[in-house]
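The following features are taken from TrEMBL:
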{"type": "COILED", "residues": "210-341", "note": "coiled coil"}
{"type": "COMPBIAS", "residues": "146-155", "note": "compositional bias 'Polar residues'"}
{"type": "COMPBIAS", "residues": "164-182", "note": "compositional bias 'Polar residues'"}
{"type": "DOMAIN", "residues": "6-118", "note": "domain 'WH1'"}
{"type": "REGION", "residues": "122-182", "note": "region 'Disordered'"}
Amino acid sequence: IHDFYALSFREQPIFSTRAHVFQIDPNTKKNWVPTSKHAVTVSYFYDSTRNVYRIISLDGSKAIINSTITPNMTFTKTSQKFGQWADSRANTVYGLGFSSEHHLSKFAEKFQEFKEAARLAKEKSQEKMELTSTPSQESAGGDIQSPLTPESINGTDDERVTPEVTQNSEPRAEPTQNALPFTHSSTISKHWEAELATLKGNNAKLTAALLESTANVKQWKQQLAAYQEEAERLHKRVTELECVSSQANAVHTHKTELNQTIQELESTLKKKEEEIEGLKQEIENARELQAQRDSLTQKLQEVEIRNKDLEGQLSDLEQRLEKSQNEQEAFRNNLKTLLEILDGKIFELTELRDNLAKLIECS
């Protein structure tokens, strides 16, 4: 990381995009391992002093990609939104997942363009080596390599894999027809509690994404202001050079170079403005998701209130049932007493009937 920041003064970003970064699993050589939790900035850097192109990506203070582009590298599209290239000295394969096919195609075009530029630079370096005659000159004319990242070669067809996606599903138990209202309300409450936990997790992710987008917008605005100041300075310089008549040819050459630099800066400004618009759109989407979360939270509160009402109704029904059972028990006791009295009266009537029958027989 220290070397990376030390080189930042002589290396300039010439193209940037955002993507999810992956590396091949060093054990299986088949599965992808994500090296960033979210989409990060992936940039092409050019070192004008050594004529070297590199791909660099940072996740916070950690360099998750630091790869020097060499002529024998190949960037392969494995799907509409995913591409990869191999780095043999680092013993890894890098993979990038883009948000759209357009971003993937643009990155692949830049890769091919800078790969060709690296090939031409290597050929020029070899020509210089052939022209040198002393041993010291021969040793100084070798291939240009990055001090941080070794040269990369293209991976084999066996290494071209795409991320695997697994889906886990759990069966949900259906409520029975004889279940009590309290049990049903408890099931609803647990369901909404799980929904609330999911919403809280999504809210945390959206908050982090919103903070990151805001920080990126501020960074791009600062870069835009710096580019605008540089453009104004170059315009002033062109005006000053035009005023010097004695150096007309030199002024014309410098003017052409400065105009080209201004055009490049204007193109960079336009790209940054497009990226800012994209970030604004992401912020709007985050706000919409926040509104949906608030709506679902309100619905959950309404369900909880309804659940409390159902619990109160259930408690009232239980009290009524207990009272009814007590009344039925008292009624059974009274009926039993009445039956005992009735049995006694029937027995007395039976004795009376027998006595009357005996009297009638005697008379």
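Cβ coordinates are placed from backbone N, Cα and C, and glycine is handled just like the others.
Curation does not apply to TrEMBL; its annotations are automatic.
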- Item | Structural state census, the domain 'WH1' (6-118) (DSSP three-state) | 20 helix, 54 strand, 39 coil
- Mind looking up the mean pLDDT for the domain 'WH1' (6-118) in the predicted model? 87
